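What Swiss-Prot says about this one:
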- GLY50, ILE51, SER52, GLY53, GLY54, VAL55, ASP56, SER57, THR167, LYS196, THR218: ATP binding site (BINDING)
- ASP56, GLU172: Mg(2+) binding site (BINDING)
- ARG147, LYS180, ASP187, HIS267, LYS268: deamido-NAD(+) binding site (BINDING)
Amino acid sequence: MQAVQQEIAQALKVQPPFADAAALEAEVARRVAFIKDCLANARLKTLVLGISGGVDSLTAALLAQRAINELRAETGDKAYTFIAVRLPYQVQHDEHDAQACLEVIKADEVHTVDIAPAVRALAAEVAALKNGSPTLVDFVVGNVKARTRMVAQYTIAGARAGLVIGTDHAAEAVMGFFTKFGDGACDLAPLSGLVKNQVRAIARSFGAPESLVEKVPTADLEDLEPGKPDEASHGVTYAQIDAFLHGQPVDQAAFDIIVATYRKTQHKRELPFAP
């Protein structure tokens, strides 16, 4: 492991690879307990999470629903609730995957909010977008979509006295692959410190189908490049990112991309600048 790999892994609190099935189950139990502790400390009984159809939100939701199920069983209090939220922009091209996720999760409640009217209304009122290039406007509006989704989740959480769950994990965090104050905003992040293959392993341990576990990850925020794979945006694969974070050798080109991207996106992982 090179020094910079160790530095980054420590900063992101990267967890070691699962040694065996028992280690995986122990990590699942630890993260479920973490979610339960967050609710207890906040003195709240509701969790809210947006479901995209990808493995990250699927895995976070499975952990959340298990935590809620355990709390109800332990306390006899039926007020404990997990709310899964669908947040499509008009018609989502992989809606079938989102619905398949919901079937696996078996959430207590499912809410649906079409974010398109809010996103379009805001974009239409922002003068700074009027003269931007199509590519720039598409990118900026893509971030508006992510932030609008989080606004919707916090609106539901506010109405129901709940906490919002985020889906960030180490493989996305190292690349800064999230929208600041969008999907990067949450009250608790139960996948934090995991690499991508660990997220998949946890989903698999819950019995999630391989079609969802191994689905090609995509943020799917930009209209000009619908369904663009995360790895195309990264310039490296998740396998390379995972290997880097676990201190394993990666080719020099991938190494350089990961380190440069980590440094460039440092501001996204920190609190706002202050004097």
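Cβ atoms are placed via backbone N, Cα and C, with glycine included.
Where Swiss-Prot records a feature, it is marked here on the structure.
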| residue | record | DSSP (3 states) |
| --- | --- | --- |
| SER52 | ATP binding site | coil |
| ARG147 | deamido-NAD(+) binding site | helix |
| THR167 | ATP binding site | coil |
| GLU172 | Mg(2+) binding site | helix |
| LYS180 | deamido-NAD(+) binding site | coil |
| ASP187 | deamido-NAD(+) binding site | coil |
| HIS267 | deamido-NAD(+) binding site | helix |
Pairwise Cα distance for THR218 (ATP binding site)/GLU172 (Mg(2+) binding site) [Å, integer]: 12
THR167 (ATP binding site): tally of other CB atoms within 10 A of its CB: 26
Proximal residue to GLY50 (ATP binding site) among binding-site residues GLU172, LYS180, ASP187, LYS268 (C-alpha distance): ASP187
C-beta crowding around ASP187 (deamido-NAD(+) binding site), within 10 angstroms: 18
Entry from the binding-site residues list ARG147, LYS180, HIS267 having the most other CB atoms no farther than 10 A: ARG147
GLY54 (ATP binding site) versus HIS267 (deamido-NAD(+) binding site) - Cα distance in angstrom: 26
Closest of GLY54, ASP56, THR167 to LYS268 (deamido-NAD(+) binding site), Cα positions, binding-site residues only: THR167
